[in-house]
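Per TrEMBL, the features are as follows:
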- 20-306: domain 'Sugar phosphate transporter' (DOMAIN)
- 324-349: region 'Disordered' (REGION)
- 16-35: transmembrane segment (TRANSMEM)
- 47-72: transmembrane segment (TRANSMEM)
- 84-102: transmembrane segment (TRANSMEM)
- 108-130: transmembrane segment (TRANSMEM)
- 142-159: transmembrane segment (TRANSMEM)
- 165-189: transmembrane segment (TRANSMEM)
- 201-219: transmembrane segment (TRANSMEM)
- 231-255: transmembrane segment (TRANSMEM)
- 289-306: transmembrane segment (TRANSMEM)
Amino acid sequence: MGKGGALSDVVVKKIILSYTYVAIWIFLSFTVIVYNKYILDRKLYNWPFPISLTMIHMAFCSSLAIIAVRVFKLVEPAALSRRVYLTSVVPIGALYSLSLWLSNSAYIYLSVSFIQMLKALMPVAVYSIGILFKKDSYKSNTMLNMLAISIGVAIAAYGEAQYDSWGVFLQLGAVVFEATRLVMIQILLTSKGINLNPITSLYYVAPSCFVFLSIPWILVEYPILKQKSGFHFDFVIFGTNSICAFALNLAVFLLVGKTSALTMNVAGVVKDWLLIAFSWSVIKDTVTPVNLIGYGLAFLGVAYYNHLKLQALKAKEAQKKAQSADEEAGKLLEEREGDGNGRKGDSQS
């Protein structure tokens, strides 16, 4: 096979691998969402204890991360001082615990399909909080795009057959805390040159999440669980659920590390549509035409936002290549000038 054929094989392999990573992430994200809904929903497994479920996930993920880092030494721990840990990692852990607690709680009150529609507000929250913390600049066209997404979600909420105000409040709270966490990762970690992969992230963040969650757990859920004398811990259900949650964290690393964060955003849109279809066809959640019109508008807004981000990334890459080419051209010119001066000196002698 010729050179061109070899190149095309490499490209095909890269495309297949990228789609494989996307498929794995979608499958695991899909599985965790549906599994959590099954456990927490009073009509299904009927174990409505979101803090306890999140704490089980954090305990499991912490244990595996500690074994991976300390025992098998699969990855090196980051060089974090106690001060950096307390001022940077712990606040992120607190935000993550609140985000997980509220998002899992929302599954008790809202359908899977409607929760995915509300999650479309994530770019709006990240952009708004980014402006608030001066990590993003205000642009009128981007803000109009955010307004379109918000209107779409509002229409979807208006058309929701199983609307629950408390559930909506919980999910919106989860979106705000998660968006704040994403911005804080940029401010507290990335800006300091600290990059954590999913295993080291879990190694540092999961234990602090567990500690933060234990406070509301003692006050809210522990007294109720204490009275439920008939409950026996189901190792199969909670074990497989925790394995899925841990695998999802690794899949995020695989997807972002081997493709890009933008690919994950686009894949997230595909996953949301699949979940809405699954929720309607299998779980038998009611999805109204108004729901779909509203989410369709929000979807277009999110797609356009991702398109703008892609264009910005391409422009940045082109600028880097142009600068690199200019630097190389400058070096070649200097070398030629040096050679010319050398020859001139030789001829004069």
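Cβ coordinates are placed from backbone N, Cα and C, and glycine is handled just like the others.
Annotation: stretch 231-255 has the most Cβ pairs under 8 Å to the transmembrane segment (16-35), among 84-102, 231-255, 289-306. When each of 84-102, 142-159, 165-189, 201-219, 231-255 is scored by its Cβ pairs under 8 Å to the transmembrane segment (108-130), the top-ranked stretch turns out to be 165-189.
Most Cβ pairs under 8 Å with the transmembrane segment (289-306) belong to 142-159, among the candidate stretches 84-102, 142-159, 165-189, 201-219, 231-255.
Counted over residue pairs separated by six or more positions, the transmembrane segment (47-72) shares at least 3 Cβ pairs under 8 angstroms with the transmembrane segment (231-255), which defines the two as touching. Within the chain carrying the transmembrane segment (231-255), a Cβ under 8 angstroms from the stretch's Cβ atoms is held by residues 21-22, 24-25, 28-29, 31-32, 35-36, 39, 45, 53, 56-57, 60-61, 64, 197-199, 201-202, 225, 263-264, 267, all 6 or more beyond its ends.
Among residues of the same chain six or more beyond the transmembrane segment (165-189), those with a C-beta under 8 A of the stretch's C-beta atoms are 87-89, 91-92, 95-96, 98-103, 105-106, 108-110, 115, 118-119, 121-122, 125-126, 128-130, 133, 135, 157, 195-196. Within the model, the domain 'Sugar phosphate transporter' (20-306) shows a mean pLDDT value of 89, rounded to a whole number.
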